[in-house]
């Protein structure tokens with residue numbers, strides 16, 4: 001009997017082993033795919049998330065996180081998700097061709113997500129060789145350029161295609177072949193002006209925001225009966241808003257903000273009853289609001305900065321004169337027609353030129369030998385003349401001393417030796433340059449007190465008509481102008497999307513009895529006139545514009561500005577003056593940090609803090625800004641109100657969701673995912689930790705905000721409503 005029991009126990013154990021064996025083998029990756037993953041690690045140049053991989057790594061058992069995930073089935077990789085935090089391209093030896101060639105070896109992939117990893121270059125045509133099972137492809141926040149290859153439409157099983165925030169340009173290929181596609185996100189590129197030729201009929205979410213699409217809103221959209229979210233904001237669409245757009249049966253979220261749309265909003269009783277958010281702000285619309293929205297309290301309608309007739313409404317102050325919109329609309333239409341004619345003319349000219357070229361080639365061949373001889377002789381002569389000129393080339397630099405101007409000569413440096421950041425312009429900015437003191441005196445009306453807009457900060461206007469601010473920093477006498485000039489290279493690098501960028505500088509010397517007697521550096525920066533975050537949080541009219549997605553966009557803009565100051569220049573800039581007064585917003589609500597530390601160790605005043613202390617102090621100040629963004633309350637960093645509010649938020653995380661919701665700014669009610677709000681609050685509290693060693697790094701700050709934005713986007717695109725922001 002005892003022997004029988006042992007036998008039964010052994011049999012059960014053996015059967016259990018056989019039962020578990022398949023599941024173990026399913027998670028054991030075949031050796032060829034293990035080698036492929038190590039190749040991918042190498043091509044991505046060992047990002048932090050993948051740095052621990054080795055030949056002995058059991059990839060299928062690696063723990064998942066929001067930034068990393070590998071799933072296996074039957075010995076094959078079915079999902080590869082890697083999210084980095086690179087803000088610059090991978091070094092020159094990187095090859096997108098090589099990377100995607102390696103990726104094709106993962107033949108069973110269903111999900112491929114490579115985000116913020118510095119991938120650059122064109123998207124190669126071998127993308128067609130990716131797994132035929134691929135359902136989700138996310139290559140967002142990289143530096144991929146060129147056209148989107150037409151081969152991408154051969155990935156028949158794709159349900160989600162996200163290529164947002166890259167450098168794609170030109171037209172979008174025909175996507176009708178992607179019959180299973182439900183999500184298409186091409187936002188934040190340079191696509192256009194032609195719109196997408198044909199779209200997949202089963203699309204649920206489309207984002208084409210922040211591109212250069214022009215002409216009218218395409219008629220083909222009216223066939224997308226399953227469409228729930230459509231974001232065409234920040235493009236150049238013209239014409240009127242088509243009536244069918246408000247009648248799409250499933251549409252919940254529609255953003256047409258920041259285009260050139262004109263005419264009146266469709267006044268139709270057929271307005272979609274499911275529509276929750278309609279954002280038509282910053283267009284050229286006239287007339288009245290649609291009557292079909294008057295009885296729909298559940299619909300949020302954003303319409304600021306148009307020319308609408310809304311007398312009696314608080315938003316009337318945010319409407320422009322009708323004549324402004326009418327004139328701008330005419331110019332927009334004329335520009336589109338001009339572009340179309342130019343394109344047609346170029347096509348005609350191409351045909352004519354082709355015939356001419358064939359005839360001319362024969363003549364060119366006959367005379368080319370003679371010309372070549374003449375050119376060689378001419379080049380020798382010009383070279384002998386140019387070489388001494390290059391050595392003696394001088395520029396006149398004006399240096400003012402009290403009321404007397406003296407002119408001294410300074411050799412212009414060889415442009416090949418000038419730092420790249422000083423030679424090349426950042427998008428939207430003029431190239432960095434050295435100003436004369438005379439130019440700045442003229443721009444500021446001799447530093448008139450009427451132009452003073454802050455401590456030692458003047459607003460002015462350059463001769464070219466560019467509005468600027470001039471920041472005056474008095475320097476220690478012991479530092480010579482020559483030594484200071486060597487420090488200017490760092491200044492030239494302070495040019496970033498989320499900074500009030502430096503346009504140039506001037507080092508001048510005034511005599512005694514002048515406010516800036518001695519050596520002074522004058523730093524010329526952008527002028528941002530749309531107000532600060534403080535203005536938006538204290539003016540209830542402006543505050544209404546800042547819904548949750550816009551606030552998250554502002555938060556990550558601040559974080560990326562700080563990240564650039566810490567890691568985008570060498571040495572990093574720490575201990576910055578981070579307050580909501582210094583978070584400026586341009587007309588598109590893009591963040592521009594001002595008042596940050598200028599890296600001049602020789603300036604009068606305290607030295608910069610150490611890197612670690614300065615970073616943690618910046619993170620703390622960011623936490624204070626984040627608390628104000630969440631609650632809508634303006635508070636001081638060292639106030640008791642901050643401590644009390646922090647404690648309330650901490651306690652609310654352990655309570656019912658309604659408690660935390662009650663602490664959020666009422667202006668964002670109904671526009672956020674609760675999980676996005678909760679995660680943001682948790683992270684803000686971590687930034688305010690008394691023990692600075694426990695505060696997150698700025699890289700953690702950016703990563704966590706990206707995660708909260710992803711949570712918000714998922715909530716928006718799945719079953720709820722949302723708002724389009726410049727970073728979302």
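Note that Cβ sites are derived from N, Cα and C of the backbone, with glycine treated the same way.
Features of the protein shown, as given by Swiss-Prot:
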DOMAIN    421-709  domain 'Protein kinase'
CARBOHYD  55  N-linked glycosylation site
CARBOHYD  85  N-linked glycosylation site
CARBOHYD  138  N-linked glycosylation site
CARBOHYD  169  N-linked glycosylation site
CARBOHYD  210  N-linked glycosylation site
CARBOHYD  253  N-linked glycosylation site
CARBOHYD  267  N-linked glycosylation site
REPEAT    74-96  repeat 'LRR 1'
REPEAT    106-130  repeat 'LRR 2'
REPEAT    131-155  repeat 'LRR 3'
REPEAT    157-178  repeat 'LRR 4'
REPEAT    179-202  repeat 'LRR 5'
REPEAT    204-224  repeat 'LRR 6'
REPEAT    225-248  repeat 'LRR 7'
REPEAT    249-272  repeat 'LRR 8'
REPEAT    274-295  repeat 'LRR 9'
SIGNAL    1-27  signal peptide
TOPO_DOM  28-356  topological domain 'Extracellular'
TOPO_DOM  378-728  topological domain 'Cytoplasmic'
TRANSMEM  357-377  transmembrane segment
Per Cβ pairs under 8 Å, the stretch of 74-96, 106-130, 157-178, 179-202, 204-224 packing most closely against the repeat 'LRR 8' (249-272): 204-224
Summary of DSSP states over the repeat 'LRR 8' (249-272), given as helix, strand and coil counts: 0 helix, 5 strand, 19 coil
Integer Å distance between the CA atoms belonging to residue 267 (N-linked glycosylation site) and residue 210 (N-linked glycosylation site): 28
For residue 138 (N-linked glycosylation site), the one of 55, 85, 169, 253, 267 that lies nearest, given that the glycosylation sites are compared by Cα: 85
The one of 55, 267 whose CB sees the fewest other CB atoms within 10 Å, among these glycosylation sites: 55
Chain-internal residues, separated by at least six, CB under 8 A from residue 169 (N-linked glycosylation site): 145, 146, 147, 189, 190, 191
Pairwise CA distance, residue 55 (N-linked glycosylation site) versus residue 267 (N-linked glycosylation site), rounded so that it is a whole Å: 65
Lowest local Cβ density among 85, 138, 253, which the record lists as glycosylation sites, within 10 Å: 138
Residue 210 (N-linked glycosylation site): tally of other CB atoms within 10 A of its CB: 22
Residue 267 (N-linked glycosylation site) and residue 253 (N-linked glycosylation site), distance between Cα atoms, whole Å: 18
Long-range Cβ neighbours of the repeat 'LRR 2' (106-130) (under 8 Å; 6 or more residues past either end): 33, 36, 44-45, 47, 71, 73-74, 76-86, 88-90, 94-97, 99-100, 136-149, 151-152, 154-155, 163, 168, 706
Mapped DSSP class for residue 169 (N-linked glycosylation site), helix or strand or coil: strand
Integer Å distance between the CA atoms belonging to residue 85 (N-linked glycosylation site) and residue 267 (N-linked glycosylation site): 46
